[in-house]
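Trainee: Okay, here's the structure, questions in a sec.
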Amino acid sequence: MSSKQEIKFWKDRKMTSFWEYLTVNYCRKPHKKGKIWNGQAEGKQAYDLRLLFRVCSSAQQQLPFVLGSPRAWMDMESQHRVESRCWKTTLVLGERPRPRLDLLFVRRFLRIQAVLFPTWPSPNVLMFLTLLGVAVLEQLVIYQVGVIPSQYYEVLGNKDFSGFQALTAIALTMIVVNSTLKSFDQFICNLLYVSWRKSLTEYLHNCYFQGQVYYSLHILHEDIDNPDQRISQDVERFCRQLSSMASKLVISPFTLAYYTYQCFHSTGWLGPVSIFGYFVIGTIINKVLMSPIVSKLVQQEKLEGDFRFKHMQIRVNAEPAAFYRAGRVEHMRTDRRLQNLLQTQRELIGKELWLYIGINTFDYLGSILSYVIIAIPIFSGVYGDLSPTELSALVSKNAFVSIYLISCFSQLIDLSSTVTDVAGYTHRIGELQETLLSLGRRENKSYSEAKAWDSDSSESGEDPEPRDTAFLLEQVTLSVPSSGKLLIKDLSLRISQGDSMMIMGNTGTGKTSLLRVLGGLWESTQGNVQMLTCFGPRGVVFLPQRPFFTDGSLREQVIYPLKEIYPVSGSADDERIVQFLELAGLTDLLARAGGLDKQVDWNWYDVLSPGEMQRLSFARLFYLQPRYAVLDEATSALTEEVEHDLYRVCLQLGMTLISVGHRASLEKFHSWILKLQGGGKWELTRCEKMKRPPSWEE
């Protein structure tokens, strides 16, 4: 290829070279010294750049030829679908960074705090300020209780009985007040735990259930492991651990300042300097011991989720596993996950051992350090003019001040294990939050573009397509996001009311994938897909390949997902539901469920056969009565006779059908046949078997 052709190749891509192409499309930062920084790769698992760099590192002199050749790049591009405009996901070269106590932790922690404390007058802020006030009062009372022993030395040394009685009464009062304040401290911390969990969980739920984010997260972003565990278990543990250390953290600045002043007043500069130096040394040691624990804790939580998921997988698929006699195999696989989890826990326990040694050593050395600080001025003769009674009272008071200051630092050191837990959960929750926000922004963008298209059309008064059109596809090319396999190329069609279409083809040719594009779950690699009607009863309803049932009564299954929209349906609606259950062949289900509104305690997937689940899905479809029904092999578990009856009812109710199926008997219910042949090939033909739907009265 000539240099002019090569320049034209990159110019068509609005680039000057391969490196600019790679930097702009896949990196946030420019490449440096042959390395590519973490960035955005187009397409889920679109391209493994590590392999590319391994090749380049072994043949650096051939790099311009290998990467600069447009023909070689086009071959590579065709194989790996680098230019796929499907779902963007973060590409990490090499190993993912290990979670640590670093700036990333600080950013994620502060972002979570913005959720916990959204506005000034919020309940969480008020409870936190109340906790601060209670903690300050508690510390003032603790100081008064702490100096009581020194006063006892003085009273008992002077044999002052009346003073002893008064001091005892004061001590009892202070102890009762202190106990009450401590109880309120714990009570408010527990309230904060519940309120924090509510705020953070609801925030994550809002992000998770926005549009199709939950689908994209589970299906298209496998780099986020166990989202369910992060939302339920990790959030709960994060809020509990954070609430347990909240009062200690909020009061630490006040206690440190106050007792530093008292210590300086009692022992001079030597006391505070020694204690602060001791704390700095202890902090450095604990930081070194804590760092490897954070990453190991994150790994443990991931393996905990994997282990729980394995048991859930067996519970959900118990019957198929039993037919395969898979108990022994699943036993081995489950035990393997357990062993991986236990091995990680052993490693975590081993690393925590050194942290506990450091914490306990710091605690006990602190008590000795307090007496060393007090002993220096005593032996240097500063208090030589005091009597033994006065000296005992002074030693008791100074010991309390020094020991409590050291205790304040010790409490911060003791929080090391709690901080490591909080850091691990912060990374897991923060990573999930970042992914949800990223997916949510894309959902908002797609929604805004759709609304803009609608508003532009309405404002201009022009309707480029008839209002009876549901879907409009223009030169659509579709590939599998994970592998880049080409399924459909340059498909153009319009699905309008009355023009039912059947999609046929061998397994893996893209039938369900095309429905995902129509439903907005996937994006096309190229071309334009528009849905010109709405979801729901007056628009489009999808029946997926696997029926979905929620928890609740039989009525809730039939009218789903309209439960929250129409909570009270009335007797007239009861008649419609019973009628549609009869049309779907589920007359006996009403008696089995104990009526329409009885809350059953069973799992619908356990009590219904595959055929009954598909019948119940059609009863739901009859109830919603959309203008368009998209059916993905929705009758695969039913006989042709039952299938014929259900399709006939759909046509009688005025639905236009977009069906995926394999049976030739379905052709008579459709006007068009779209046959997918694989490799991007397809064929659209008119169906001559289409019958006029009988009227509802017939």
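Glycine is treated like the rest: Cβ placed from N, Cα and C.
Remember, TrEMBL labels are computer predictions, not curated facts.
Got these off TrEMBL a minute ago, pasting:
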DOMAIN    229-396  domain 'ABC transmembrane type-1'
DOMAIN    471-698  domain 'ABC transporter'
TRANSMEM  125-143  transmembrane segment
TRANSMEM  163-181  transmembrane segment
TRANSMEM  353-379  transmembrane segment
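Map these features onto the structure and tell me what's around them.
Mentor: Note on the transmembrane segment (125-143): residues 117, 119, 174, 177-178, 181-182, 184-185, 188-189, 191-192, 195, 246-247, 250-251, 254-255, 258, 404 of its chain, located 6 or more positions outside it, place their CB under 8 angstroms from a CB of the stretch.
Counting residues 6+ beyond its ends, the transmembrane segment (163-181) has Cβ neighbours under 8 Å at 134, 137-138, 141-142, 144-145, 148, 151-152, 155-156 in the same chain.
Beyond the ends of the transmembrane segment (353-379), by six or more residues, the same chain brings 263, 267-268, 270-271, 274-275, 278, 282, 285-286, 289-290, 293, 391, 395, 398-399, 402-403, 406-407, 409-410, 413-414, 416-417, 420 to within a C-beta distance below 8 angstroms of the stretch.
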Trainee: Can you give me the average pLDDT across the domain 'ABC transporter' (471-698), rounded to a whole number?
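Mentor: The average pLDDT of the model in the domain 'ABC transporter' (471-698) works out to 86.
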